[in-house]
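Read the structure below first, then the notes.
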Amino acid sequence: MAAAKWLIASLAFASSGLAFTPEDFISAPRRGEAIPDPKGELAVFHVSKYNFDKKDRPSGWNLLNLKNGDISVLTTDSDVSEITWLGDGTKVVYVNGTDSVKGGVGIWISDAKNFGNAYKAGSVNGAFSGLKLAKSGDKINFVGYGQSTTKGDLYNEAAAKEAVSSARIYDSLFVRHWDTYVGTQFNAVFSGALTKNGDKYSFDGKLKNLVQPVKYAESPYPPFGGSGDYDLSSDGKTVAFMSKAPELPKANLTTSYIFLVPHDGSRVAEPINKRNGPRTPQGIEGASSSPVFSPDGKRIAYLQMATKNYESDRRVIHIAEVGSNKPVQRIASNWDRSPEAVKWSSDGRTLYVTAEDHATGKLFTLPADARDNHKPEVVKHDGSVSSFYFVGSSKSVLISGNSLWSNALFQVATPGRPNRKLFYANEHDPELKGLGPNDIEPLWVDGARTKIHSWIVKPTGFDKNKVYPLAFLIHGGPQGSWGDSWSTRWNPRVWADQGYVVVAPNPTGSTGFGQKLTDDITNDWGGAPYKDLVKIWEHVHNNIKYIDTDNGIAAGASFGGFMVNWIQGQDLGRKFKALVSHDGTFVGSSKIGTDELFFIEHDFNGTFFEARQNYDRWDCSKPELVAKWSTPQLVVHNDFDFRLSVAEGVGLFNVLQEKGVPSRFLNFPDETHWVTKPENSLVWHQQVLGWVNKWSGINKSNPKSIKLSDCPIEVVDHEAHSYFDY
């Protein structure tokens, strides 16, 4: 047990002035969602922690007492990949990645109060996850997902024959998606059953592929799809899953459907909201998500957008009757927020939904028959909601959330009542010592068209009588936001504790402030958003005395990387001592090399060949813009970023070098659009923070700050400088 002490929360402590370092950030325990048992007494959650000395990330599972917040270790077995309550007291079903079947997984059953006394119910012949269970007579029906072969079998990579050639051949899109070249395998939902024999359950290894019979369907949909893309009715007889429209080009359109299919696969799945279908509300052709059955299984709620090629359109709640041809109903359709998840109360009368609102992921309730103009009510909680589950059959929910000041917030929330705190990581984990909400505040500034929100994040031990350089962080998306939530990549508090005050703006294009602000960035990437940033910088410069803009820096990733590249060629670029561009576009016409064409075709009002002028309008490589470049810039771009090719970063660095602008190129050949591997993340922080600290003067004012020399990776430097006079 001593070796597993990190699995349990340590004793609470008082706040101190110690800085939050990248090592603290990366090695802090990471906790998954807490899922309560059927009675609402215990919850189980996954936890892992990276160890820099051993270069590993051991993991395990904990139990959370829902009465007093106490945490205990359930298991330290890292091979246990998921645990689900069996629906029978404290019994659980879990998946073990080590199995007698090569490449397969084991299905085990145990009791949370005596986890070591487990037995194996059976094996699954391949990688399998996302279990959902429901009693059906004397059986327990389940669904989960894995990769499917073209024939419909569960794909087992370990058993697959080695290809004689590395060639890839394509007749349609996608060729590659986010970080992977698309192959013949695809995600599919499979169904099976646990059969009771005496006091034990067994699984015969037989699975039914519910997706493959629908040609070109896929569920969960990559790269972000998971168990939220499907659901199992309470009687275990019907399955709902989301798939992109099989008959439409997936790279060009976002249209997706909710399919219904018998658990036993006796009929082929059929969509309930097919485009222009008899049940589908007129004009609704966008992406569907979050299907969930009502407690009695007679209705299904889901979310859907209207526009067929816009991934950031507003989601609206829809409810369909199962086994009926009645039209689908839209619920609270005029609410100017975009729900992200929906669940039914135990009596089926109330819907609980999460939605981003003013840079915070909030929980709301509304009647299941709410009219179009109904405004959902907020349920009080701290931070942003990641997931929520009902506590027994009550109206209370167990929220797993986080914030800018804590990476895990477990709390119970009840409509009309104050929230009840169970466990907040910043009050327990030594790595998060000193973090709290007092160092964070909102800022509202008149932007190009409307008031624009930003977060101000102050360093540990902040003194209002001192002056701190500005760290101006620009978010990606562009339809995204800096929310009151924890980031495991770009974390404002890590930047602040180098000695900066962070200003993290949510300019035009941001989500959570009404759909108009989100939509207004369309075909205007370098227009209103840039003007918003200028106005925010000017407000900070003129009004906030403790922020030193003369020694400020700016950094951003994805769209934020584009904006940094755009700023380099604008007047605002001369206001910063250093810039950091991570995976940002450089040449306007290169956008055609992306994967999801619907994204660029929406944001630039047409295809690459029909609306070329729109792609070129916000081209950071224009000669008249490049002529202004002079601010030192770090460029980060990774080989497995298929959103925009690594050539974008190399090209940007080429020009910076030939221009004689102090610059550096950071590349990870094994990373994607993001840097996620712990050791790579540490190097990323050493290089990025070391770069800005060098030019902002932080290295001189804060001797403990990160320096470029802290990074052990040898720098490639074959010549004094690339600049020469033609």
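Glycine residues also receive a Cβ, built from the backbone N, Cα and C atoms like all the rest.
What Swiss-Prot says about this one:
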- SER558: active site, charge relay system (ACT_SITE)
- ASP641: active site, charge relay system (ACT_SITE)
- HIS673: active site, charge relay system (ACT_SITE)
- ASN96: N-linked glycosylation site (CARBOHYD)
- ASN252: N-linked glycosylation site (CARBOHYD)
- ASN605: N-linked glycosylation site (CARBOHYD)
- ASN699: N-linked glycosylation site (CARBOHYD)
- 269-291: region 'Disordered' (REGION)
- 1-19: signal peptide (SIGNAL)
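Annotated features taken from Swiss-Prot, shown on the structure.
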residue	record	Cβ contacts under 8 Å, 6 or more apart
ASN96	N-linked glycosylation site	ASP77, ASP79, VAL80, SER81, VAL105, GLY106, TRP108
ASN252	N-linked glycosylation site	LEU173, ASN309, LEU597, PHE598, GLU601
SER558	active site, charge relay system	GLY476, GLY477, HIS582, ASP583, GLY584, ARG643, HIS673
ASN605	N-linked glycosylation site	THR522, ASN523, ALA611, ASN614
ASP641	active site, charge relay system	ASP179, ASP583, GLU671, THR672, HIS673
ASN699	N-linked glycosylation site	ASN693, SER705, LYS707
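A coil conformation is recorded for SER558 (active site, charge relay system) in the three-state DSSP classification, outside any helix or strand. Within 10 Å of the C-beta atom of HIS673 (active site, charge relay system) sit 21 other C-beta atoms, taking all shown protein chains into account. DSSP labels the residues of the region 'Disordered' (269-291) in these numbers: 0 helix, 6 strand, 17 coil.
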